[in-house]
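Straight from TrEMBL, the features:
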- 8-136: domain 'EamA' (DOMAIN)
- 145-277: domain 'EamA' (DOMAIN)
- 35-52: transmembrane segment (TRANSMEM)
- 64-82: transmembrane segment (TRANSMEM)
- 94-113: transmembrane segment (TRANSMEM)
- 120-142: transmembrane segment (TRANSMEM)
- 148-166: transmembrane segment (TRANSMEM)
- 173-196: transmembrane segment (TRANSMEM)
- 202-222: transmembrane segment (TRANSMEM)
- 229-252: transmembrane segment (TRANSMEM)
- 258-278: transmembrane segment (TRANSMEM)
Amino acid sequence: MSKRNLLYLAMLATAAVWGGAFVVMKDSLEQQDVYSFLSSRFLLASLLMFAYRPNVFRGLNRKFVKQAVLAGLLLGGGYIFQTLGLTKTTVSNTGFVTGLYLVFTPLISLLVLKRHVRLIQWLAVALATLGLILISYNGISIGVGETLVLISAFLYGAHFVALGEWSDGGNTYALTLIQILTVSALTTFCALLNGYQLPPTYNVWQAILFTAIFATFLAFLVQTKAQSVMSATAASVLLAMETPFALIFGLIFNSDPLTFRILTGGCLVMLAMGLVIWSDNKKIA
């Protein structure tokens, strides 16, 4: 199997981990506030990454560090605005509006960087967006919460584009760690403003450990590496599989309802993912 195809599978696994993280985090976020949870998650991931490779920062130039910090600010800003929005709107609205990063990613690539986005990728974006609408749209009015989440979707899209520009596969580990450290600093600042709360139970610690290792350390390492060989638009569509995976895990572990509309939406996102992989392989061939 080629390196590129392995990275496709790794991105799919990342989407599955992020989808599963929703189930893992659900009970924990009823016991610990969101900012404290995110702070604990990203801080632990940073410590584990640094402990694994303590010499990771040697030989880095200023330009690389600035780019990595900026990518981390975009990612951390996405988490913070999404969390602020979630406090002022519904979970379904948050999920739907967040999914608009699929639209922002190619638009930023095209309008800001003048990067050509192929027609088939626009088709994949349209299919994935329609799929997310079917999965999570329950009627929406634009208020403060929705606006905050829309800002987060823009920042997530900008993060995809930034990684597409700056990830060359040469120093993936350092680029990932600096991003996670930056998010850790932002979320810890927000947690301290609101009164940081230590994880109150063993189950919350388990959730933090799972999300720190699998949904942060390994997941962002995979994304950063993968974006050295695939476009930002392709990466955003692949990771949109997070939502169908969240539905699957919710169905299995929480007995969440499965309707024809939700099933159709999930199939459309999967079709979009297949189009992206097929078009990338066709371009190489």
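Cβ coordinates are placed from backbone N, Cα and C, and glycine is handled just like the others.
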Same chain only, please: residues at least 6 beyond the ends of the transmembrane segment (229-252) with a C-beta under 8 Å from a C-beta of the stretch. Say none if there are none.
3-4, 7-8, 11-12, 14-16, 18-20, 22-23, 95, 99, 101-102, 105-106, 108-109, 115, 117, 121, 124-125, 128, 131-132, 135-136, 157, 160-161, 163-164, 169, 223, 258, 262, 265-266, 269-270, 272-273, 275-277, 279-280
When counting Cβ pairs under 8 Å to the transmembrane segment (202-222), the leader among 35-52, 94-113, 148-166, 173-196, 258-278:
35-52
Secondary structure content of the domain 'EamA' (145-277), with strand meaning DSSP E or B:
109 helix, 0 strand, 24 coil
